[in-house]
Amino acid sequence: MDIRLRDTDTLIDILAEEGGRLRAAAELAGPDAAVPTCPGWRVRELVRHQGRVHRWAAALIAGEAPGPEGSSAVPVPAPDEEPDEWYRAGLRELVARLRALDPAAERWTFLPGSPSARHFWARRQAHETTVHRVDAELAAGRRPSPIGTAVALDGIDELLTGFHSGSRSRARAEKPVTLGLRASDAPGAEWTVHLTTDPPRVVGPGSGDAAARVEEADCLITGPASRLLLLLWNRDTVDDPHGRPAPGDPLILTGDPGPAHLWRDTAGV
């Protein structure tokens, strides 16, 4: 089962759409609104962060070398500059550069598994912007608009097999445990995350014994792919079903909740 979004143009379209939704939610919330899923941030910090990341990615796509400070080196809006227009201009530039980039062009990337730099940056920015769009909607006191199942499945794959496949992942356990994930709206979309003192090892869709392994997990969480994605990014929880930020069916946890709590406490990126 291939759960990845392979079409780069589709990912660029998602980025453009989600970027617009983030801007609209931020405007509704107002710059001083607290962002409940990003403790210590207000909406102005959220918009600055996302705008910086968009401009940083656009510069890398244009061929600039990455600096040690990453996106934090990108200037924030000047005091006399309209923050909303600054954000929109950065998003437009990023989308335009992605659309124009030759699929064969080589650029710096930082996660494994992408067929091209163009695909990598379209995918990374689409998911980055989607998650922060949810943050902005929550800051506005709104229930987040849905994340499509195909987008969520691809986001889960990126997080588990990209961010948490290498030595920089902090999702570790002194005693080996397994966390199982099952998407209730995508038959066959199942993952077993093995947590040890080494980087996580993921058995996912396409593995012949994926279903059997997920059934044997110490902790199994079942629910819509969109909610699983937000859970893995610490934007949702199985502990408070009445306060869940995402629409749809609940997240159901069976077994030991310890691995889920371990992920919550250690898997931030």
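Using N, Cα and C of the backbone, Cβ positions are placed for all residues, glycine too.
Annotated domain 'Mycothiol-dependent maleylpyruvate isomerase metal-binding' per TrEMBL: 16-136, in sequence order. Marked as domain 'MDMPI C-terminal' by TrEMBL: 151-248. Residues or ranges marked as region 'Disordered' in TrEMBL: 239-259.
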Mean of pLDDT values spanning the domain 'MDMPI C-terminal' (151-248):
89
Per DSSP, what is the residue tally for the domain 'Mycothiol-dependent maleylpyruvate isomerase metal-binding' (16-136) in helix, strand and coil?
75 helix, 2 strand, 44 coil
Across the domain 'MDMPI C-terminal' (151-248), what are the DSSP residue counts per state (helix, strand, coil)?
30 helix, 21 strand, 47 coil
